[in-house]
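K.L.:
I have a structure I would like to understand better, so I am pasting it below and will then ask my questions one at a time.
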Amino acid sequence: MAAAPAEQGKGKRVQPPWSPPEGTKHSRLCLYNSLTRNKEIFQPQNGKKVTWYCCGPTVYDASHMGHARSYISFDILRRILRDYFKFDVFYCMNITDIDDKIIKRTRQNYLFEQYRKNKSTPAQLLEDVKTASELFSVKLSETTDPDKRQMLEKIQNAVKSAFDPLQEAVQAKLPAEEISRCHEILLEEAKDLLSDWLDSKFGSQVTDNSIFSELPKFWEGEFHKDMEALNVLPPDVLTRVSEYVPEIVAFVKKIVDNGYGYVSNGSVYFDTVKFGSSEKHSYAKLVPEAVGDQKALQEGEGDLSISADRLCEKHSPNDFALWKSSKPGEPSWDSPWGKGRPGWHIECSAMAGSILGESMDIHGGGFDLRFPHHDNELAQSEAYFENDNWVRYFLHTGHLTIAGCKMSKSLKNFITIKDALQKHTARQLRLAFLMHSWKDTLDYSSNTMESAIQYEKFMNEFFLNVKDILRAPTDVTGQFQKWENQEAELNKNFYDKKAAIHEALCDNVDTRSVLEEMRSLVSQSNSYIAAKKSARQMPNRLLLENISCYLTQMLKIFGAIESDDAIGFPVGGNNQNINIESTVMPYLQVLSEFREGVRQIAREKKVTEVLQLSDALRDDILPELGVRFEDHEGLPTVVKLVDKDTLLKEREEKKKIEEEKKRKKEEAARKKQEQEAAKLAKMKIPPHEMFKSEHDKYSKFDENGFPTHDTEGKELSKGQIKKLKKLYETQEKLYKEYLQMVQNGSAN
């Protein structure tokens, strides 16, 4: 067949030219880098591998919400880099178990426990508290920080409130039980005050190194338990200062050999002037404006390292200790410069360098560690490696406040992680953190946690509704439903939200915006479901399943879901070997359908008793098992299996509150009874007898039993007589009251 004329002009047929779509520019992950104070494109040094060092805790007390602020936030960042952006993250964290705070706390705890075991007499305790109070008053007068001063004043007032009752009980010769009770109260209230005094007096005599390892070992264990409870991933490598002393000594030696350190009186200091004047280096990269801040520098050196003799060892006030010569009462290790221990800043440099080498991608820590700790880390490490890029990206988590107030261990207003987990679940705490920027201040308050709880409920209800829709019976082909405009619109919104979430994660891992986009997607999905149900139509199963699986996967990436469930939060805890929902739900579905059939017959026959039983099953019995039936007119009952642990926890909380009220009431009644008994015992003493038993104070008395001479036979001064007369007159009144009570028959 002959070709048409037009076709003949084209010659041999070929494919037309093709050009790719213009598309959009792909976003790249940017992180806020403290080294530039700007968001920078994140580019690891070695392909997709990311080396990361995180400053761990100084383990001398319970982990608090300030710790949670850093470690949950870094856990979220780590998971997102690993599981969303698909980086190969190698994460190293340290444990500081050699530190001035640990040494001081260990000595104080040890000496106080020894003091308690020795069981001082009430008189001796009163005398010791008096002596310790003098030292404490000096400490108070030298304190300029208003918050810390307020805390010290509270301690002082508490001690005085406990001191006077014991003194009065001893003077009045109250029953031994009452004196013992007052003795224990004063001992407990004066613990901080006595510990300081005992440390100043006997601290240098604590020489057993093993004593200094017990405290950090215990608190490290508690820290790891807290992190596990918060679902914080363990580090790939954990380094302890006590296990890296040889590496630290070698690290310090090389810094000295490179000309950036000097030995002074057995200690080794970093020469900030020499380092800063080098063309290859810069000192205080993170907070250059803080150079010369002696208060911050001294806090970095530690309480045991800022005495006048220590400070005189430095060439410059800005220099800091790499190695500290140990004094009596401090743990020590051998070194080329004599017995000593590592400085705080050098510990991280040596351990991070040992594991990650001369340059790492990310270094993380709390905002308050920027200067001097991290600036000094940078200086030491770059002096050791003779480079200018020890850390490529420095990430600092924001502060944590408690209901708008500063949180500090020294102020004793911190909430421990265990305390927080008594009130809220690990997921709720994590959601609260996700709802805030990782680098900004987070206010831990009832409002913050209520927002997290409501978000969790909002998401969970959506997941439960979708699961109910997916359980509706259908054949194989029935799962593929025709798409109308509503499905097309929801699907478009779904992909728009996914794109917005990606943009937010690329923008300094903005989880706050991500959660809002997820909330918006759920709201759109809920509107779609409601519209379908209103029209008596079945929502598109596959579309809702895709949306739910995506949201679940994002929450898994954030560490808010641990289970392998495809959709939603796990039911019945996170460590179940079986899937409770898939096992139980078929039976609940049968029960629901049977109940609906019974209700239908009861309505037709107007059997109200059966309807009441049906409602009782829904409202009273099934909630006890963590099951919720939701009845909708004209539609099948929605069956939801909720977390049983949550219900049990709510009950336990209510029970605890009731028990606490009962305990306080009983305690108040007991105290009142004891006070009345003590008062009655005091009232029974005739005024002419009250001083006669005090032979250790007085030798002569007048006809009324009033003392006139002391034990040495000297007449009492007018001042002494005036003071005793007041006590005598007070006792006269009390005794008269007692006699009146006897007369009235009301005294026992």
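Quick reminder: no glycine exception, Cβ is built from N, Cα and C everywhere.
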K.L.:
If Swiss-Prot is the reference, give me the range from 93-96, 101-104, 137-140, 733-736 marked as motif ''KIIK' region'.
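P.N.:
Residues 101-104 are the ones Swiss-Prot records as motif ''KIIK' region'.
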K.L.:
If Swiss-Prot says Cys348, His373, Glu377 bind Zn(2+), which of Cys55, Cys92, Cys549 does it name for the same site?
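P.N.:
Among the candidates, Swiss-Prot records only Cys55 at this Zn(2+) site.
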K.L.:
Report the DSSP secondary-structure composition of the compositional bias 'Basic and acidic residues' (656-679) as helix, strand and coil residue counts.
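P.N.:
Secondary-structure composition of the compositional bias 'Basic and acidic residues' (656-679): 24 helix, 0 strand, 0 coil.
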K.L.:
Counting only residues 6 or more past its boundaries, what in the same chain has a CB within less than 8 Å of a CB in the motif ''KIIK' region' (101-104)?
P.N.:
58-60, 199, 212, 215-216, 302-304, 329-331
K.L.:
Relative to the Cβ position of Cys348 (Zn(2+) binding site), how many further Cβ atoms are located within 10 Å?
P.N.:
26
K.L.:
Pull the DSSP breakdown for the motif ''HIGH' region' (57-67) and write it out as helix, strand, coil residue counts.
P.N.:
3 helix, 2 strand, 6 coil
K.L.:
Can you list the residues of the same chain, besides Cys55, Cys348, His373, Glu377, whose Cβ falls within 8 Å of the Zn(2+) site's Cβ centroid?
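P.N.:
Apart from Cys55, Cys348, His373, Glu377, the close residues are Trp344, His345, Glu347, Ser349, His363, Gly365, Leu369, His374, Asn376.
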K.L.:
Restricting the comparison to the binding-site residues Cys348, His373, Glu377, which residue's C-alpha is spatially nearest the C-alpha of Gly56 (L-cysteine binding site)?
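P.N.:
Result: the closest of the binding-site residues to Gly56 (L-cysteine binding site) is Cys348.
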K.L.:
Per DSSP, what is the residue tally for the compositional bias 'Basic and acidic residues' (686-717) in helix, strand and coil?
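P.N.:
Grouping H, G, I as helix and E, B as strand yields 0 helix, 9 strand, 23 coil.
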K.L.:
Three-state secondary structure of Cys55 (Zn(2+) binding site) from DSSP?
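P.N.:
DSSP call for Cys55 (Zn(2+) binding site): coil, neither helix nor strand.
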K.L.:
In Å, how long is the longest CA to CA span across Gly56, Thr96, His373, which the record gives as the L-cysteine binders?
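P.N.:
So the maximum pairwise Cα distance among the L-cysteine binders is 13 Å.
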